[in-house]
């Protein structure tokens, strides 16, 4: 038997021994020796490692080790040398196993074994040859045992990848020409589009050949099938098996080369080594789609057998992949379901996730050959070795598999492989890679959940489900916590959530080189938190790749995706690009690996002649991002100052643009009729020539150039169609006033100022209006005649008698006509000037504008066009060319029909007409119909209802905005609310104006037209085919009575005019109102009222239909916009920047809030900012986030900067409301307001290296040096201060002239009572101190004492708790607040020993408890002195706590006491009061009896219990009727509470767990623990804690039952608040089984009452009456109190008394009757007189019950009502002056003394001196009378 020490990294033997570092014994005698030939073959294989791929079968024999002839090739000496060399190399590699390079670490070439260690283990070749035979044999046995161990655990890295490697990966990104595939261990490979499959490659080659042919023929357009988009073949997150084709290093511009792994997805390569005989169910195949069939997909599996095919049924496609999405050439990783019995067809499935569950048996355990085991297969593994670095095992007992640190899950902070896995057990794992360069066939596997499950979801999407904030590449993680450290490799982190893990390589931890890493010390020890940036995410490892380098974190961009469109960036000129025209553009360096291009037109706002002189390489410039192209990795920039320095919000998306919004754009294309404006991203807009200027522009190319920057506003945007129309004109500007004076049909004159070949431009006389006279309208006649007339006209000539055809106010243009025929038609009224002139059957004159084979279009003035169909042209003209008509010919026709449907009315014309019938546009004839039940008797047919007709209407219904009426049967109409009232005074109810009308009321009305429900307007006439119209009516008296009323239209509304408007609709920030049925306007929220409080709720204060008196602000007829205001001040919304002045108070609307300011809109063009110093008069309340968007606020103007167009506002109440309001932080506008030693507050505006800059006011900034920040030393002081943080300090230096202010934030400077920090010399042994945990080690805790000069002490683990503590790190963490006792002080070493044990604080608590007990003893003594005896019916004397009277035969002492009342002005309180006080104190001390209020509700269920005790008077009748003999309470040992261990209470789960170790039986602590989790919303966790508490509380304790009861009640309360009826019922039944059932019922009833579930309380009380009502009167009393006080149903409560008397035993009848009577007094629904009656009956039946008199006295004193004094005095007189009942009671001296004292006390409080004297006199008389009788 020989022993050997096993070195680190060597896997344990198959015998199941654990731990690679333990001593083991290797019994060489029991091991089966292998033949010498086999051992030599193995050693030769190890020594000659081959890089070639080998396919090893389990059924294949090794080649013979003997050559032909039987002679050996090697001599015995050579064999020994080879064996020694191989053994040495293998063990050295195993020594390095724990430092395996998982992430391609290349800087660890040195050996981990020293030369001496190597010689000690193996010896060199000479030592082996020269050593003794015995030692050599012993060493060889050890070496053979080592070689038989499990394979070395190693991970995948760049050096272990070789061409031919097979790896399982996930598609990370689909690029246009390749795929990026995530590989295990943070590797990434790329698959070119030509290495996907043979079919896809063939398709690409055919498309290339086709393109060549088309280029030669210059023919054809690209078809959709002619484009190969990899995104249609793959999706991110898809699992694939890849074959490595090459590993190369790409030379980059930097000195370091980039490693690139080229991959292939071709099934021929990825399934290499597989044959048909190797296929078995549950193995995996990579397949490419060959064809798509009806029920599935035929795939090519790439086997050598050409006949072998695969078939995937449609139901076996994974979720999200439809058969319609399949394409030939698509590659899928599939699972073998079954093999065809006779053919060469294998049935496959792509649903890997369904077979990746650990509960299923879809693992491959056995196979015909080990060739069946390829990456992607889920296999059954027999573990042979489990180490901290990974796992090793075997498949089928032959194939070696390993799992490294990453894939085994050992990287997790909470994972310990030795605890999770045990050698010899079988587990499921998915194969992920092969190691072709390995000596023997070996594969890597993974046990990560997402790999085993093979979920096809995108990894980032999974992260979003678990993380509160999803991480993305380039995001910064402020707190990345170190969970594992791999020395020499890197650090693992958790990122805000345990499910998010990250890794930072050692080279990425710091900008400077780190020599070593340690998990126990140094900056990256376990538990420390750091700031990191996400560089990438590996979908296979589910691991974020991080960098902690400051240069990387501060870098603005890591990739093109991080660059935001519209963002202003800094860049360095890297290169100037030139062409034959000069400088083409610039390349700017934005960040490492990110560059941008500046095109020529964006170099400057002006054209540069020599731009290369201005922009030199290396120059730093500011630019704004125009667009980004992630696919092409391009960034377009602009250097135009107008764009870079603009404050306008850039338009980056169509959906963020709203009508009327402003932005800057660049002209990229200029056309005669407009220009194309480029904004940011893909946003482009069209600028019509009419919108380019206020003046008329004929040709845009003459006024604008490409590259010009324009300030435009949005006219219209269609985000879905990506269409945008913009304008350069001012949207608030109204058309020129002269345009209102010109209308179609007017006759004008003007002067020609411009002439062209096809038109004349004129300026109309006396106006600046520009008019256009086209060639077509210069005269009547042929084209030659019109051209001649044009040639005769000269510039400057004045033309008269010109007819206005059309007014284009939007373009500032008027179209004219000089044709005599049209002028004549206009004068005689046959030329239509608008739709209001159209009438059916009217003869009209117009000109032909267009002729088609089927119709003729006739135009009129105002842009009207009529339709003349072929059927309405005379028959004789149909055969003529163009129907005998010519373009521009004047024709006269008849209007046959008008259709007002849709936004634009249409009308039809006819050149032939039939009398008596109406010809419709579709050729139908409509007969006139008669009417029935006409409201107005003078009307006979519907033809009588014409526009302008005055008739009568009957109201059928009244709505908010209209009155529905009928003119006759089935002839309906409506009266809009705006067509009813003439004057504002006529409206009686402003919110409901139509309330005065009722149904069947008849009103006189005038017909306005027909109502069109589509566009909510009325039309002059309507004849709808087959339907009767809905008439639009007016009931305005002025309109009905007028002879020629005028219909209101938008063009007649003038700016500044006043109208009555009615609310039609309520939007988020405005009201839509109608001033007529077809004139609609908008009132912004800030313009609705001068009272801003009404604006807070528009729907409540301005409901639909309400009336408002408004004034017109602006009118835009072309856009159909009307802006109104309802404020008395008029157009306050149109205030300009020049009109603003400091101190002006205005209303505004909040448009945006941020962390440091609030933006408020004052008008359409003015937006002001409210900074933190202007938000409130108290800086502590300055929170911008309390304001919401669209809030209406009142602001005060603080500063106006007209050049920069900036406005500063203030929301301080002292400025906007009243200057007399208290101001906590005064407004500081100048350093003159400050003085040295002033204590002021301000906000940090900058954190510099030298100190802080504090904003005290506008233009006033103070500086705080680092030395003045704090009295104590702060190592990382920048982490303690942030921008916008509120601080308080004292002015220590002030220079008014320069404005320099210095402050100090030290407490010692600001406070006069500043306490000097504690030093070591101030501490005393036994002193109690508080502190914070600074460092935790396994042997103890280092504590920094509060308010000290960094004085630290050590609490050894033996002084932490009464129980043994093995590791303090499990109980404490840095930052915990603790309370400690000084145990020892060592002045020489200045060491402090502290103690945290609970017993150290018992003395302090006992002293506090003793003080409480002394006070209790005093109270009890005083109470005992005031107790009076009670006499029952039998005359027995007993003690009554509530002041009953007892007999005493020695009258002299009592008489003397009674007489002494006259001289004693201070009467002792009654016993009942002392009892109540004592009870209150007892309840307070018990802690839980009165109900613990934690977590937002009553945990004990007592606070709402309807008990008479809770509502009793200070002299409780309950106590009087049930006297209790008080027992002297013995001192009990009090448990240490949480407050004694932690000055601020437990703050985390660890705190509670630590406290529960010392007090497991404290229900108070358990309840606080439950409340802690409830505040975090963890309901299930709180339930679990309650169950733990019920199991943990020891049943041996004296208070165990009450402690458990507290937990049960808390659990009931928890289920009532967060559970359902089933959970409450289950908990309730369980509680009743282990507790007093009646008490549980009462507590649950109280819980129901407290939570407002009165129905359930009522039901539960009825159940309690049945179960407990026969024995306990308290049940009846509680139910009665519930009915009286909670449900206010006193009759039900009174009915309970009779039921109770029938159920309860007779001995309880008097008491319960008295308590029901007392309830009548106390309850607000009770009757005091009824209670008196009940008491009178009791006193009459039981006169000896003196306690009843006393209770009645108490009730009368407190609830006596109006005649309280009278009732009380009469009651005292009856008791002491011979009342019949009182005589029967035989009042004794002590009783009389008690009642006289109470009477005297009452009179002194409620009466006067006279009444006091009367009581004293009566007392003397009583004494005398008793003396005489005695």
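Including glycine, each Cβ sits where the backbone N, Cα and C put it.
Straight from TrEMBL, the features:
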| type | residues | note |
| --- | --- | --- |
| COMPBIAS | 26-41 | compositional bias 'Basic and acidic residues' |
| COMPBIAS | 47-58 | compositional bias 'Polar residues' |
| COMPBIAS | 129-141 | compositional bias 'Basic residues' |
| COMPBIAS | 1407-1419 | compositional bias 'Basic and acidic residues' |
| COMPBIAS | 1430-1439 | compositional bias 'Acidic residues' |
| COMPBIAS | 1505-1518 | compositional bias 'Polar residues' |
| DOMAIN | 164-266 | domain 'S1 motif' |
| DOMAIN | 282-351 | domain 'S1 motif' |
| DOMAIN | 474-549 | domain 'S1 motif' |
| DOMAIN | 566-640 | domain 'S1 motif' |
| DOMAIN | 660-729 | domain 'S1 motif' |
| DOMAIN | 745-819 | domain 'S1 motif' |
| DOMAIN | 841-912 | domain 'S1 motif' |
| DOMAIN | 948-1024 | domain 'S1 motif' |
| DOMAIN | 1056-1127 | domain 'S1 motif' |
| DOMAIN | 1143-1212 | domain 'S1 motif' |
| DOMAIN | 1237-1306 | domain 'S1 motif' |
| DOMAIN | 1326-1397 | domain 'S1 motif' |
| REGION | 1-72 | region 'Disordered' |
| REGION | 124-143 | region 'Disordered' |
| REGION | 1407-1453 | region 'Disordered' |
| REGION | 1465-1488 | region 'Disordered' |
| REGION | 1500-1547 | region 'Disordered' |
Ranked first among 282-351, 745-819, 1143-1212, 1237-1306 for CB pairs under 8 angstroms with the domain 'S1 motif' (660-729): 745-819
Of the listed stretches 282-351, 474-549, 948-1024, 1143-1212, 1326-1397, the one with the highest count of C-beta pairs below 8 angstroms to the domain 'S1 motif' (1237-1306) is 1143-1212
Write out how many residues of the domain 'S1 motif' (660-729) are helix, how many strand and how many coil, based on DSSP. 6 helix, 35 strand, 29 coil
In the domain 'S1 motif' (566-640), averaged pLDDT is 88
Can you count helix, strand and coil residues in the domain 'S1 motif' (1326-1397) using DSSP? 6 helix, 37 strand, 29 coil
Give the residue counts of the domain 'S1 motif' (1143-1212) per reduced DSSP state, in the order helix, strand, coil. 9 helix, 34 strand, 27 coil
Which numbers of helix, strand and coil residues does DSSP report for the domain 'S1 motif' (566-640)? 7 helix, 43 strand, 25 coil
